[in-house]
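So that you can see what the record holds, here are the features copied from Swiss-Prot:
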| type | residues | note |
| --- | --- | --- |
| DOMAIN | 6-125 | domain 'MTTase N-terminal' |
| BINDING | Cys15, Cys51, Cys88 | [4Fe-4S] cluster 1 binding site |
| DOMAIN | 149-385 | domain 'Radical SAM core' |
| BINDING | Cys163, Cys167, Cys170 | [4Fe-4S] cluster 2 binding site |
| DOMAIN | 388-450 | domain 'TRAM' |
Amino acid sequence: MSTTRKRLFIKTYGCQMNVYDSDRMKDVLTPLGYESAETPEGADLVILNTCHIREKAAEKVYSELGRLRPLKDEKAASGGMTIAVAGCVAQAEGAEIMKRAPVVDLVVGPQTYHKLPELIAQAHRAKGEALDTEFEVEDKFDRLGSDRQVEGYSAFVTVQEGCDKFCTFCVVPYTRGAEWSRPVDQIVAEIRALAAKGIREVTLLGQNVNAFHGAPPSGREAEGAWGLGQLVRHVALIGGIERIRFTTSHPRDMDEVLIQAFADTPKLMPYFHLPVQAGSDKILKSMNRQHTAEEYVAIIDRLRAARPDIAISGDMIVGFPGETDADFEATLDLVRRVKFASCFSFKYSKRPGTPGAAMFNQVDEGVKSARLAVLQELLSDQQAAFNESMIGRTLPVLFEKPGRMGGQLHGRSPYLQSVHVDGPAELIGQVGEVRIEAASRNSLSGSLTGSKRSAA
């Protein structure tokens, strides 16, 4: 391990998997002597871990690089600053990033950040440049190991990467590659190490997490690859882990084993994120979603039959090419039927290289904005109604940190709602029962019932 003290600043854009990747980058760089800096001004190495899902994602990165340029020039006389671009913009743009922004020293894709020590050394040699955007997912997790630096009581754990669905609006198959799953033993080793460090809740991550198809535990090879339902049950056996979540799923990969896991695995939280994107079968077909609106609703019905207290969240896109008023009304109808607890909604934006970007019947931006406003009003009302339905209920809350007010605690309900309650600091890291007394669109508040339980 290096004894030279260096400072690292990582700016993370986008999804939970990027948050996980940023944490693992810190793990990789700690043996080199890097410690976290609060701002770029205090850093020797700045990494922009980027997302390419939304419109103008790359331009946002170039704007940030423009802001970093004078800072790098200023530091040139006092040891210098290394700037790296990582993540999905790095994968999509590659060497073009260094052409457009010479301030960048290295570019590393989401499957090769385990090579950061070598790439940094390469970039430092004679002030050169370093680039690696190969797809080497298996090698990455072998190199990363299971030891992680963690804070708090919840952690993300990537179990699956990539996507083979090729939705016509999405860049993920091009930036994250084909679907690949980690072996069960490797995942379990990482989660056991997290539990030993005080983690009480894990969220299993994947671009298509319910497509998980990992090698079974040692000695059980005859069983063949395990699905996500089997993995969830296995993780539930790990001492110290009280709560399990997973995201993000695709309707095509839902199976009865996973649905049944909601019924028979109490540690699996009753909150499920299942994107649908549209309620019109015509638009779903054009998106290449490979399911109909009725098939989506049928999955929700099966989930609610298995776990009556389950809440559903989703994703919606308005203004996809060819969307008519009737298509949009079908989306509103689906939303009314499902009654989402929460739902992310966006205007369609062209992603370069995707089939959707080349479609001729693009929807006017004004129409998109108007439809989004209507949809978001409906979704906001549903979220408020869901939160208000908690009033009078007693919920188990994982207390994560002190609240903003003195003597207050902040925690999360099984449904990922923020919960504020007055209570002693020693409850942090434990699950306590809270009677909900008030609700807003974004949080709940209540009082402790006196019941609490330490982690298993």
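Note: Cβ is positioned from N, Cα and C throughout, glycine not excepted.
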### Query
Taking the centroid of the Cβ atoms of Cys15, Cys51, Cys88 as the [4Fe-4S] cluster 1 site, which other residues of that chain lie with their Cβ within 8 Å of it, listed in sequence order?
Tyr13, Gly14, Met17, Asn18, Thr50, His52, Ile53, Ala57, Gly87, Thr175
### Summary
Cβ atoms other than its own within 10 Å of the Cβ of Cys167 ([4Fe-4S] cluster 2 binding site), all chains, total 21
### Task
List the Cα distance (Å, whole number) between Cys88 ([4Fe-4S] cluster 1 binding site) and Cys170 ([4Fe-4S] cluster 2 binding site).
12
## Note on the structure
Mean pLDDT across the domain 'Radical SAM core' (149-385) comes out at 96
### Query
For the [4Fe-4S] cluster 2 site given as Cys163, Cys167, Cys170, which other residues of the same chain have their Cβ within 8 Å of the site's Cβ centre?
Lys165, Phe166, Phe169, Val171, Val172, Pro173, Gln207
### Task
Select one residue from Cys51, Cys163: among these binding-site residues, choose the one with the most other Cβ atoms within 10 Å of its Cβ.
Cys163
### Query
Looking at Cβ-Cβ distances, which residues of the chain lie under 8 angstroms from Cys170 ([4Fe-4S] cluster 2 binding site) while being 6 or more apart from it?
Ile53, Cys163, Arg351, Thr354
### Query
So which of the binding-site residues is most packed in, judged by how many other Cβ atoms lie within 10 Å of its Cβ, out of Cys15, Cys88?
Cys88
### Task
Could you state the whole-number distance in Å separating the C-alpha atoms of Cys15 ([4Fe-4S] cluster 1 binding site) and Cys167 ([4Fe-4S] cluster 2 binding site)?
18
### Query
In whole Å, how far is Cys167 ([4Fe-4S] cluster 2 binding site) from Cys51 ([4Fe-4S] cluster 1 binding site) when you measure between their Cα atoms?
17
#### Entry: the domain 'TRAM' (388-450), counted residue by residue under DSSP: helix, strand, coil
4 helix, 36 strand, 23 coil
### Within the domain 'MTTase N-terminal' (6-125), residues counted as helix, strand or coil by DSSP
67 helix, 24 strand, 29 coil
